[in-house]
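According to TrEMBL, the protein carries these features:
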TRANSMEM  22-42  transmembrane segment
DOMAIN    33-274  domain 'G-protein coupled receptors family 1 profile'
TRANSMEM  49-68  transmembrane segment
TRANSMEM  102-128  transmembrane segment
TRANSMEM  140-162  transmembrane segment
TRANSMEM  168-192  transmembrane segment
TRANSMEM  213-235  transmembrane segment
TRANSMEM  255-276  transmembrane segment
Amino acid sequence: ENVSDFSLNITDCTQVVVPEEVFFTVAAAGILENLLILIAVVRNKNLHLPMYFFICSLAISDMLGSLYKTLENIFIILCKMGYLTRHGDFEKKLDDAMDSMFILSLLGSIFSLLAIAADRYITIFYALRYHNIMTLRRALVILAVIWAFCAGSSIAIALFSYEAATVIPFTILFPLMMFFILCLYVHMFLLARSHAKKIASLPSSTIQHRTNTKGAITLTIFLGVFLCCWAPFVLHILLARFCPHNPYCACYMSIFHVNGTLIMCNAIINPMIFAFRSPELRSTFKKMFYCPR
């Protein structure tokens with residue numbers, strides 16, 4: 001907020017303000033949709049698979065992102081009303097906690113996407129040994145390691161965010177992980193055709209290949225949506241850190257609220273993709289909302 005206010009003094013760009021009602025509506029929708037995903041997976045024992053557990057991890061990350069923006073806007077409103085100050089000790093600790101939640105959401109989303117991509121890779125290229133490689137216990141261990149690392153990193157980055165040694169690795173991590181996931185997907189699609197020919201003689205191989213390819217396409221959509229929704233906000237962080245006094249950077253930072261809204265839109269779009277592309281989840285939702293005769 002301070003950087004956005006400062007940008008108005010050095011640029012002619014008018015700050016774009018998103019109405020608070022829009023913030024709260026989008027955030028509430030994102031939290032409810034991802035909560036439905038978690039309930040559906042918990043209730044349907046057929047969905048107790050590594051892939052859906054990784055999807056639940058992504059849903060939790062999306063919920064944290066929506067919750068972060070909701071609480072942030074509530075605190076901004078309280079500051080404007082005079083109930084909170086901007087430079088008090090309590091407010092400083094509160095701000096650190098909010099920053100930690102935001103970073104946890106970002107890192108959780110990145111590593112959840114990475115886990116989903118690795119799971120799809122094993123499904124496509126090691127289909128016959130998938131259940132031996134990616135067991136449920138191993139998936140839970142992977143998720144525990146991911147969230148322990150993300151929690152520790154988010155706390156460290158929030159406490160030392162003003163140190164260049166911490167900010168630079170954080171800004172490098174986002175494009176590096178995205179590049180790695182993109183390479184993994186490109187490798188999957190390049191080898192999928194040749195792999196399909198090798199297993200063409202196996203029973204039900206065509207159906208299995210189509211299912212795996214559909215899963216890879218779905219996760220590619222996830223990655224594209226994630227980049228479109230999170231990249232503008234990460235770019236805002238980079239510009240605020242490295243060129244806050246540049247008029248062009250300040251002009252981009254004037255759309256801070258729009259970039260924040262895009263993060264919450266990601267939490268809304270992902271569950272829609274789940275429900276649209278997954279027959280199992282569609283069936284579970286029908287059983288949840290429509291009582292059988």
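Heads up, the Cβ atoms here are built off N, Cα and C, so glycines get one too.
All annotation found in TrEMBL is predicted automatically rather than curated by experts.
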Six or more residues beyond either end and a Cβ under 8 Å away: which residues meet both conditions relative to the transmembrane segment (140-162)?
53-54, 57, 96-97, 99-101, 103-104, 107-108, 111-112, 115, 170
Residues sitting near the transmembrane segment (22-42): Cβ under 8 Å, six or more positions beyond its termini, same chain?
48, 52-53, 55-56, 59-60, 62-63, 65-67, 69-70, 73, 257, 260-261, 264-268, 270-272, 274, 281, 284-285, 288
Checking distant contacts: for the transmembrane segment (49-68), what same-chain residues at least six beyond its ends satisfy Cβ-Cβ under 8 A?
26-28, 30-31, 34-35, 37-38, 41, 98, 101-102, 104-106, 108-109, 112-113, 115-116, 119-120, 123, 134-136, 138-140, 143, 146-147, 215, 222, 263-264, 266-267, 270-271, 274
